[in-house]
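To start, the structure under review is shown below, and the notes come after it.
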């Protein structure tokens with residue numbers, strides 16, 4: 001499933017053709033994706049100007065002039081394709097190869113900018129929903145999400161407060177969207193390695209007895225910022241076929257320190273340890289037992 005950097009790559013690819021443009025035609029070519037489309041889904045989109053395109057955690061959010069917001073999630077296999085008369089690009093296409101097969105083109109937005117934006121989703125785990133902006137706080141899909149890891153409010157003090165007293169593992173805490181929104185398995189593994197913290201470490205150790213952030217918390221927040229920013233600059237990670245707006249692959253997987261490197265030598269200078277993998281909360285965890293404590 002695409003994580004925050006991949007979704008941000010998609011947002012940046014769609015922004016030039018969506019922001020400020022009108023949705024001239026909206027089509028839902030089947031009754032559902034992961035969830036059924038709302039009965040008025042098309043009617044609430046057609047003719048609306050997109051005033052802004054943002055992101056919350058792993059969700060894309062298109063602000064409409066009507067006061068509604070189009071909430072979009074890529075799911076496991078969803079991708080957007082931008083079709084122009086003189087160009088065909090895939091902004092942040094993730095997981096499935098881009099081809100000419102339109103069988104799984106389930107949603108179309110024809111924009112006044114001259115672009116057709118097509119949502120393709122073979123496995124149909126993605127979803128779209130139109131929500132009134134003043135009702136966003138009550139939306140079940142968004143309610144309870146923690147701070148954005150790249151936002152100004154996310155710092156060591158906030159992370160320490162969120163983890164204070166938690167007996168769960170550090171990795172499980174970071175994957176909890178209530179603690180921090182948008183992190184997934186890949187970037188949690190990478191951030192823990194770069195901060196030299198064990199994924200098995202108890203989350204509560206990020207806070208002192210007085211609730212202040214420890215050095216561990218400060219290192220971890222710095223590593224999260226670095227990993228996410230580096231991944232966004234690289235266009236995300238191409239585990240199968242993640243593409244940028246130019247159609248090029250994302251390249252951050254070439255910078256992985258631990259993820260999917262089981263049995264290989266740790267890249268930490270002077271470490272010399274071997275990357276191990278174990279199952280943690282149903283997911284593969286990659287780490288270096290020698291330098292992550």
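Keep in mind that glycine also has a Cβ here, set from the backbone N, Cα and C atoms.
Between the listed ranges 220-256, 257-293, Swiss-Prot ties the annotation zinc finger to 257-293. Other C-beta atoms found within 10 angstroms of the C-beta of residue 123 (DNA binding site) number 14, with every protein chain shown included. Across the residues annotated as binding DNA (104, 123, 166), the two Cα atoms farthest apart lie 43 Å from each other. Same-chain residues at least 6 positions away in sequence with a Cβ under 8 Å from that of residue 166 (DNA binding site) are, in sequence order, 173, 202, 203, 204.
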